[in-house]
Amino acid sequence: MTDETADTTALLREALAHHQAGRLEVAENLYRAALAIDAGTGDAYSYLGLIEIARGRNDAAIINLRLALERAPERHANWLSQVETLLEPSRHEEARLAMDRARSHDSNSAAVRPRSPRTSSPAERDALVALFGRGRLNEAQASARRLATRYPDDAFGWKVLGIVLLECGQARDAQVQLERALDLDPKDAAVLNSLGNAFKILGRLDDALDHYTRALRISPRFAEAHNNRGGTLLSLGHLEEALTSLRDAIALKADFAEAHHNLGQVLAEQGRFDEAVASYRQAGLLNPDLAGLQHSLGLAFYRLGRLDEALASLSLAARSEPDQAGVLSDQGNILRELGRFEEARDSYRRALAIDPANALAHTNLGNLLRELGHLDEALEHHAAALRIAPDYAEGYCNAGLVLQDLGRLEEARAHYSQALSINPNLAQAHGNLGNYWQELKRCHEALECYRRALAIEPRFAEAHNNMGLVLLEQGNFDEARERFEQALSIRPDYVDAYLNLGTCHGRVGRYDKALDCFDRALRISPDLATLKPGLVKVHNAFLFILNYHPDKSAEEIYAAYRAFDHAFGEPHRVGWRAHANVRDSRRRLRIGYVSPDFRAHSARGFLEPLLANHDRNEIEVTAYAELTQEDEVTARYRGYVDRWVATRGVSDDVLAERIRADGIDILVDLAGHTANNRLGVFVRRPAPVSVSWMVGYGYTTGLSAIDYFLADEAMVPPGSEGLFAEQPWRLPVPALVYRPAERMGDAGALPARDFGNLSFVTLSRAVRINHRTVRVWSALLQRLPGARLAIDSKDFETKRAQSDMCKRFAAHGIAPERLLIGCHSPPWDLLRHMDIGLDCFPHNSGTTLIESLYMGVPFVTLAGRPSVGRIGSTMLAGAGLGEWIAHSEDEYIEKAVALASDLDRLAALRAGLRTRLEAGPWRDEAGFARRVEAAYREMWRRWCAGVGANSCAPTRPIAFDSGEAIRPDKGA
């Protein structure tokens, strides 16, 4: 061996080492140095060709390979092996062209390249690759099998056969053939890459990753292998490694559309949706027809909240890939989010028509149907999803939610438990189990479940929100607020969290903050025409809290109610239909009562005596019960009615049709805008006459679809008709009757005589206690230095709530020692130690006022805006105690001082109050039932005569305030 040959060999060996290590520029320089010593070194040209192929510069590769062939014709395998590396599916046409060029560079190749009988000829290979490149897969498969059979020791035939089988979707067969090729040629990076593809299709991701990695050890600049490795790492959840591989692929091949797409997938998985969109768009510029691209882009837009763009992309995807059920299912999700429910339902159904075994499409359709209130149908689809995928833990969660909505609580719990048996770390299942316990009022268990969910998934917005609801129920307002705010920091568009945060603020008298939260919720999706249930709940809460606002006028509040009707009620007018009820004014009437409160509830004392005393010869009673749970009071209600209809889980449309079918003549709302109301049924006018009785809410529903508001003149004085959407129908005062709770006990003697100091009391919730009531009550305590004030309700169970209320009074000079703040339930013993009650304003208290009177504790009220500001007035007027009704804040204080200053009179009043109530209209259950029935009969007579509810022009409305404020010279 000459020195020159030795130098060339050493350079080639060193160059090859660098080449295999991926240091291509160093390797290239060493190959060229070898050629400078000996220009006839064919191997150097061959390896330079390899480098150019890795760089994607095929023309330069062909030149080097031709030079290698000219210098060493007997080394034709060098040339052929290089061309074979171009056989990745995305480069078939490129491979065919490369082989054509090779043939054109050496027209005598058959003569120049003597063929071993153990390997196929270039012509045979060329023909096979041509079939593959033209997409003639069946012919290519047959040709590859013939080649592999004829030349069993030639890796090429097995390799191409495996690749063709992969393209035909036969991954398992492809694996077998590719492994035979790899046995024959262990250093073939293309075979390793294709084997990785087969393993990935078969779900063997670790094996796939191993083969891509081995391919890259052999060919470090193999862009396709980098891309495939990145996609597999994404599937395995190794996101940072996936990013590295995909960026390597793009660095090697900048125009690699698939790699840009996959990079976007990784970025989306990391929550970097803006960057993901940029990657998808780059992929689209390179290959607008890339499969799955528009689908991915649509999902990224969806996560960014850019729903219109998301829908546009998904629509393009659905047109370009009409047989992809997943695209249609995701399109349905976006349509659902946009409130286009019928279109969403159509998308899901089209997805299922393509793929009836698509569990996710069944799940999505089930979720939509649940939102629309079609619970039975929703449950069918969730059950179908579980039949298809029995280990689908999330599916058990979704089915459990529907079962819970249907009131089938134990079945729901079993589904959540099944989900956890499949996946103990499924945060959704822990959260849903918390909802189950919350519904049972088992707060400790519910909180524990939410904590488990958050330990698994700290950014689980729903768990934060639901945990806040439990804390709110417990009166832990600050902790509840923090949870709602945490949920919103995770999901700024979370309508329910805004709703609950607003409710939390409202519960402690932060009215403007509450209204701001509700406004933010409505701005997320301001088009109430979509009738999304979450937004209707927000409107309910918005109107509910407006009633308590101390600084809003009656006219301002009513305007908001009318706006609600415009958005929620009036659109249903087009669906109103004539009623088939027989127009006979004397026949037995069918009355339907709709309520979520046929249970142990504060309204029980007013509602139960009416239902118990209806004349069943004149009235047939149906109860439409929107109950989550029944109790012993429910059992009594069932005995008072002719027909009991459980409505939980029944959609508004279905329930409205049921009421029509039941032939209800007069439908009575007992809930107003309180939780679980069914106003969505009333706007459909399923009965000829509809009524809202103040017992459930206290003010107008705002809905022009409801005919009458049943109240009395004390609550709805003449001139206030313009503040009601319904026509006020005035019963004799009071428009209520009262059945005392059991075991209240005697009132006892006047405590002020026994203890030497006078005690005022309010049993109101915190929402009614505002800056005006605190100021007036403080002024009263200043006038009576020895008096104390008890503020007692569930809202004041915590030390924090008690301390906060003390601070509000301290700002007016009232020491904490003069306040007794806490919670006694039931409050009978507390009332035995109290002398005078103080009613709240501008929203009066309710049940606790009549309970106070029954326990011998008279109260002072301030008559304000109808009707919630005059509940105290009807309580006192009905008991013949109208003298304690004030019409200004000054008068309120003076009346309270007068009552407190005459203990003899106060003691006599206390001693006779219960007897007074027992002898008067408050305890005349049968008489009240007859008065209500007479009202119903007259309403019915008017309908039979074709007289509309509002046919009589109401009196011109007058302005109603909450009473005059304290004059400055009398302020505390």
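Placed from the backbone N, Cα and C atoms, the Cβ positions cover glycine too.
Any TrEMBL annotation is an automated prediction that lacks curation.
Residues or ranges marked as region 'Disordered' by TrEMBL: 98-124. The repeat 'TPR' feature in TrEMBL is assigned to 155-188, 189-222, 223-256, 257-290, 291-324, 325-358, 359-392, 393-426, 427-460, 461-494, 495-528. TrEMBL lists 572-717, 764-915 with the feature domain 'O-GlcNAc transferase C-terminal'.
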Spatial neighbours of the repeat 'TPR' (427-460) far in sequence, C-beta under 8 Å, 6+ residues away: 393-394, 396-397, 400-401, 404, 409, 412-413, 416-417, 419-420, 466-467, 469-471, 473-474, 490, 628-629
Close approaches to the repeat 'TPR' (291-324) from elsewhere in its chain (Cβ under 8 angstroms; 6 or more beyond its ends): 257, 261, 264-265, 268, 271, 273-274, 276-277, 280-281, 283-284, 330-331, 333-335, 337-338, 354, 493
PLDDT averaged over every residue in the domain 'O-GlcNAc transferase C-terminal' (572-717): 96
Counts of helix, strand and coil residues, the repeat 'TPR' (325-358), according to DSSP: 27 helix, 0 strand, 7 coil
